[in-house]
Amino acid sequence: MNRDTTAETLLEARDLHTWFELRQWGFLRAGHVRAVDGVNFALRRGEAVAFVGESGCGKSSLARTLLGLHRPTRGEVVFEGGHLEALDKRGLKTYRARVGYVQQDPYGALPPFMDVGRILSEPLIIHGVRDRETRQARVRAALEEVRLTPAESYLSKFPHQLSGGQQQRVVIARALVLEPSMIIADEPVSMLDASVRVEILRLLRNIQVERGLTLAFITHDLSTVRHFAERIFVMYGGRIVEQAEVNELLDHPQHPYTQALLAAIPDPDPDNADREHAVPGGEPPSLANPPPGCRFHPRCPEAMAGLCDRDEPPDFEPRPVHLSACWLHR
Amino acid sequence: MRRWLEGLKQLRRYPSAVLGMLLILFLVGLSVYTVVAIPYSQALDLWRGGDHWRMHPVNASPVWADRLRGGDLPETQIISSDEVTARVQEFPGGRRLQIPLGFDYQSSAFPSELNLFLRVHDTERPPFVRFIWQAPDGSEQVIGGRRVARDERVSISQDWGLERRLGHVPHVGLMMDPGSGNPSQPEVLTGIHTMLLDVVMFDEAGSVSADLVVYGRVHGIAGTDHQRRDLMVALMWGTPVALAFGLIAAVGTTVTTLVIAAMGVWFRGWVDATIQRLTEVNMILPMLPILVMVGTLYSTSIWLMLGVVVALGIFSAGIKMYRAMLLPIREAPYIEAAKAYGAGDARIILRYMVPRVLPVLIPTFVTLIPTFVFLEASLAVLGLGDPVLPTWGKVLNDAQEQSALYNGFYYWVVSPAALLMLTGLGFAMLGFALDRVFNPRLRSL
């Protein structure tokens with residue numbers, strides 16, 4: 001769906017595939033893990049989108065491919081009109097300054113032997129900010145932006161001296177210090193205490209709105225998405241199975257997988273105490289050996305024999321601006 | 001940086017570390033003093049031996065070793081003609097000088113040797129000199145006489161004729177108490193002995209100066225060797241050489257090993273495979289025989305040996321150890337983050353991977369220094385020491401060749417060995433303490 005290839009498109013993925021080669025005996029080829037298997041989308045400047053899916057659906061591989069950490073096997077990533085694959089070393093470095101990365105494990109994401117000041121200076125040093133004063137000023141500004149104030153008291157702290165929430169703020173500050181136009185956050189709160197999750201999400205959202213950033217935010221938690229994203233992409237088995245505006249998707253889920261995901265969200269309503277959720281059984285598909293046809297059909301309550309297990313469903317548009325890859329909407 | 005300083009502060013809590021640092025500080029201080037006091041070229045010149053040492057006794061033990069045992073073995077006395085007044089008698093066509101070289105001898109042991117060094121100045125006509133020994137009891141002994149051309153060494157102790165006449169080697173026969181009972185066990189006649197030089201000059205301008213050397217049996221702090229060289233030179237110069245060798249070899253091997261291991265881990269693929277195969281081949285090559293071979297066939301220069309040691313040490317078992325430590329670090333999220341904000345390969349290896357291993361590296365590195373110091377000494381003992389530099393190993397090598405222990409010259413073996421042990425002890429104690437500071441998990445064990 002190349003609906004939005006206008007000037008306001010910041011990043012676009014076209015038929016993106018990221019496959020990892022499997023080897024036997026260290027050199028024999030033994031097939032591929034199809035982590036990202038034919039993904040199309042376009043992100044507009046200044047919007048926040050969420051990629052939702054269960055573990056092993058290829059969300060993180062997609063994030064890494066967008067960051068240029070994995071080379072796509074097929075397809076392309078287009079950023080501000082430039083093709084990521086065509087970039088030389090210098091171009092890739094510039095691209096990396098334009099896209100910030102927030103990781104899942106905040107403690108692991110910070111080098112334990114550097115203090116906060118150093119951690120935040122590193123990207124600036126790498127991108128040629130020679131002047132010490134300028135660096136200091138930008139580091140301080142970044143710390144203030146993530147509400148670590150007074151900034152001075154954090155500069156000489158080491159990661160292990162900070163709480164999980166503070167660590168994640170430092171990670172966010174590091175992603176911001178180069179003043180990117182996009183931030184990719186890979187499950188930014190899944191390793192944090194429940195008490196600070198909302199805070200961090202709100203912080204990310206505020207920064208995104210204030211700076212007009214594009215925020216691609218990867219999560220497996222549908223319950224929080226409504227407040228922090230404008231559009232949702234639901235991923236399953238390396239593909240996007242459903243996409244729409246956030247309220248539209250959450251209120252009118254079309255794909256059986258999305259419906260199952262939404263049904264699995266615990267709802268603290270006493271009337272639900274005895275209700276059973278129709279959670280589909282089975283495991284997420286093996287990405288090395290995906291099922292033929294629709295990837296979801298082995299678990300799908302609505303699977304149609306002879307169709308779903310044979311032909312891959314294209315994107316249908318059952319409701320306006322709401323795409324779902326399911327033969328039900330044929 | 002601050003973390004390192006904090007680590008150093010913690011070291012104060014370990015007495016062994018403080019002692020180790022004091023030892024190292026002493027050795028470093030000694031090195032600095034040595035290099036300033038005896039410049040390199042002068043040290044080489046001195047160690048080459050020869051005329052510098054003609055006024056030193058052969059195989060004299062250190063003074064303190066004798067005094068501790070309550071002995072009164074004599075130290076060397078040098079009596080110069082410049083310090084005595086000569087009686088001058090003029091006669092037509094020349095002069096007669098009588099130079100009394102007197103010295104007070106109080107030791108109960110005989111000197112080890114007697115030599116007279118004569119120099120004739122400002123004359124073409126060699127003067128005639130007669131040597132007369134005057135004992136404290138007033139007796140006189142004419143040693144002999146001869147014409148002295150220019151610079152001459154009169155080896156009184158090697159005068160066989162005199163020896164036959166006295167019935168003892170001259171330095172005993174001249175200085176013994178004739179009244180002592182047993183002639184086979186002569187005793188020293190203490191008091192002022194004088195060597196009188198009766199010089200006849202056939203010239204009015206010329207003059208003669210002389211040094212009478214009464215060689216002792218003890219010398220200085222370190223004693224002397226078979227070539228009369230003061231061992232102090234070698235013991236002192238051995239310190240900077242040993243420290244430099246150990247330090248350079250340890251730095252050279254550990255740092256390059258770590259960086260190469262990190263490169264293999266980071267780049268993977270053929271880079272890693274090549275490094276690993278090289279390491280495996282190198283690990284089964286025996287180091288000492290290779291060094292012996294290089295020393296025998298090529299050169300025993302200490303700097304060449306250092307180069308070979310470092311070259312063989314790079315692809316050592318350390319590569320495997322560091323690789324094992326670096327493999328999980330490679331997958332750390334912060335490395336991925338660094339890549340995502342544009343850090344290059346070199347920066348990731350040197351700034352993000354290597355620092356994680358440094359806490360383990362530093363104690364290893366410190367304890368590695370003495371092993372290289374010992375290696376250098378072992379090579380020298382095997383006869384593959386540097387041909388010109390004075391080192392502890394060379395001293396041990398000389399001692400071994402001269403059968404020092406058999407001959408009872410313990411000082412010759414003990415002092416370089418003690419310095420080697422002090423070096424090992426100092427670095428080991430510091431290294432173990434550093435290990436406890438930088439790898440705190442060991443502390444509870």
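In case you wondered, yes, glycine gets a Cβ from its N, Cα and C as well.
Positions annotated as domain 'ABC transmembrane type-1' by TrEMBL: B:243-431.
According to TrEMBL, the feature transmembrane segment maps to B:20-40 (among others).
Here TrEMBL flags B:234-267 (among others) as transmembrane segment. Below 8 angstroms of C-beta separation, residues 27-28, 30-35, 37-38, 43, 47, 222, 275-276, 302, 306, 309-310, 313-316, 318-319, 322-323, 326-327, 329-330, 345, 348-350, 353-354, 357, 361, 364-365, 368-373, 375-377, 386, 389-395, 415-416, 419-420, 423, 427 of the same chain, each at least six residues beyond the ends of the transmembrane segment (B:234-267), sit close to that stretch.
Residues annotated as transmembrane segment in TrEMBL: B:287-315 (among others).
Under the heading transmembrane segment, TrEMBL lists B:357-382 (among others). Long-range contacts of the transmembrane segment (B:357-382) within its own chain (CB-CB distance under 8 A, at least 6 residues past either end) are made by residues 241-243, 245-247, 249-251, 253-254, 258, 262, 288, 291-292, 295, 300, 302, 305, 309, 318, 322, 325-326, 329, 391-394, 396-397, 400, 416, 420, 423-424, 427-428, 430-432, 434-435, 438-439.
If you look at the transmembrane segment (B:409-434), the same-chain residues 6 or more away from its ends with a CB under 8 A from one of its CBs are 7, 11, 14, 16-17, 19-24, 26-27, 59, 61-62, 65, 222-223, 225, 231, 234-235, 238-239, 242-243, 246, 362-364, 366-367, 369-370, 373-374, 377, 392-393, 395-396, 398-399, 402. The feature transmembrane segment is assigned by TrEMBL to B:409-434 (among others).
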